[in-house]
Amino acid sequence: MCTISFFSLFFCSLLSFTMGMIFIMNDYSIFIEWEVVSLNSVMIVMTILLDWMSLIFMSFVLMISSLVIFYSKEYMESDYKINRFIMLVLMFVTSMMLLIISPNLISILLGWDGLGLVSYCLVIYFQNVKSYNAGMLTALSNRIGDVALLLAIAWMLNYGSWNYIFYLEVMKSNFDMMIIMSLVMLAAMTKSAQIPFSSWLPAAMAAPTPVSALVHSSTLVTAGVYLLIRFNILLSNTWMGNLLLLLSGLTMFMAGLGANYEFDLKKIIALSTLSQLGLMMSILSMGFYKLAFFHLLTHALFKALLFMCAGAIIHNMNNTQDIRLMGSLSMMMPLTSSCFNVANLALCGMPFLAGFYSKDLILEMVSFSYINFFSFFLFFFSTGLTVCYSFRLVFYTMTGDSNFSSLNMLNDEGWVMLKSMMGLLILSIFGGSMLSWLIFPSPMVIILPKTLKLLTLFVCIIGGMVGYLISNVSLFFMNKALNNYKSSYFLGSMWFMPYISTYGIINYPLIVGKLSVKSFDQGWSEYFGGQQLYYNLVKNSQLNQMLQNNNLKIYLLSFIFWVIILYMYMIYF
């Protein structure tokens, strides 16, 4: 099943990429509409929009999912139910396709809900308490976005059709459209895990690594960004764009800080995904939707590769994810380490790798734009933090001495995993330049002062040095994290967001529920309901028993009563 899925998805990916190239060269798009049901003037239609954006994004998703399925062939080989896993991944890819090619809110909802449901099934794949909790948090966070999308569909009824693509330009300043846009923005923020919905993304790392590589790097989390790219006309120069810029900048900053305190390998990569999502969202809210799309594609490539390398390392380390137990992996696993380092450098924006083309362009456009100092600081400081946690990760995993148990066989013999990693490695090196020539055929001229031009490079070098030197520990060194325990606890736990979004929300409803159960269920309803009924029945049956005891006194007494009643009746009537 793995091989069939791999080849079919790979073929579809190449086909859609070729079509995307033809469409972008000829500036061509296809709009297919199928009417499902018509109610008075409102038509529910299934719409497909094929333009260069949807086709190229589709080809990337299919390419990564085919390689992930190929990778799972070895990673999940000890699993008896691997076919069920592959089916879940294929269902996920199908709902993603539905989301990508829909310019219609109703067919988008189908793909959107499909993503939420299947991602829940994938997160709880390893059935233990941690997975269940993570799955519940993921599903409930995404439900907020689903509800927002349903409300947007209800508001869209005012226009007589759900093909939003027709109304964006014309109804730009309309109040109804503003409400729809704010609801869509809420939905996108839940899916792309922006503040205040960030806590589900690191929790979802309870899923198998192939799922993390596909779902939490390139598809599910970028669905929100993609939706906002489609709605980008309504974002620029509005209060919503400004709010999104603030929130996504803070998300980027928060995730960058959190990753520097984290010791779980997959959680570090998840937080770096969150940081890059913040970058995409913030550049999108400034109005540069093509740049956001460009970074979305390049990020998908190197982040999937990073997750795959992490999976290979975890697989070899006997399912250990703690980076403190790793070290000198570059000696034991040279090929995996090479891929890991290339992906890490692409994430940092190393010149001429995939991440550089998009990230450098974004930062230069930020320097070029009219933007306040706080947002400018968030952009550049978060970039420094990205390089900082990447070098910290390299320090802990690749260099130094091995800290793992000696009776563990470390090798680089997972050929199936390595083949899929090689495919993504080539894309991570050449993907950025190839896409930049495709998406921006004429070069952008950005004229900046020398200090601003070199600021990106300077921030990256400083960040890398800080990350490597802070992690470098010796025998009598000062424990910096322990000395500032409170601040490191605050920054390392994502500004307490997981606590606030779980205990903080659920605590009061649970207390109220307990009180209501105590008062109603076990209190008054018991007193007037179950217990009272039982008490009355017992009393009545005792009375009945007494009456039926054939006692002479009772007979005489009832006879006297009967005579009195008859007498009364005769007197008064």
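We number each residue from 1, going along the chain as drawn.
Glycine too: its Cβ is placed from the backbone N, Cα and C atoms.
Remember, it's a predicted structure, so these values are computed and weren't measured experimentally.
In TrEMBL this protein carries:
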type: DOMAIN; residues: 38-85; note: domain 'NADH-Ubiquinone oxidoreductase (complex I) chain 5 N-terminal'
type: DOMAIN; residues: 102-386; note: domain 'NADH:quinone oxidoreductase/Mrp antiporter transmembrane'
type: DOMAIN; residues: 389-570; note: domain 'NADH dehydrogenase subunit 5 C-terminal'
type: TRANSMEM; residues: 44-70; note: transmembrane segment
type: TRANSMEM; residues: 82-101; note: transmembrane segment
type: TRANSMEM; residues: 107-126; note: transmembrane segment
type: TRANSMEM; residues: 147-167; note: transmembrane segment
type: TRANSMEM; residues: 213-233; note: transmembrane segment
type: TRANSMEM; residues: 239-261; note: transmembrane segment
type: TRANSMEM; residues: 268-286; note: transmembrane segment
type: TRANSMEM; residues: 370-395; note: transmembrane segment
type: TRANSMEM; residues: 416-440; note: transmembrane segment
type: TRANSMEM; residues: 452-477; note: transmembrane segment
type: TRANSMEM; residues: 489-511; note: transmembrane segment
type: TRANSMEM; residues: 554-572; note: transmembrane segment
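Under 8 Å from some Cβ of the transmembrane segment (489-511) lie the Cβ atoms of residues 137, 141, 195-200, 202-203, 254-255, 257-258, 260-262, 271, all in the same chain and six or more residues away from its ends. Same-chain neighbours of the transmembrane segment (554-572): 546-547, counting only residues six or more beyond its ends whose CB sits under 8 Å from a CB of the stretch. The list of residues near the transmembrane segment (44-70) in space but at least 6 beyond its ends in sequence, with Cβ under 8 angstroms from a Cβ of it, reads 2-3, 5-7, 9-10, 12-17, 19-20, 23-24, 28-38, 86, 89, 92-93, 96-97, 100-104, 106-107, 161-163, 165, 210, 213-214, 217-219, 226, 229, 293, 296-297, 300-301, 304, 308, 416, 419-420, 423-424, 427, 438.
For the domain 'NADH-Ubiquinone oxidoreductase (complex I) chain 5 N-terminal' (38-85), the model's average pLDDT works out to 90.
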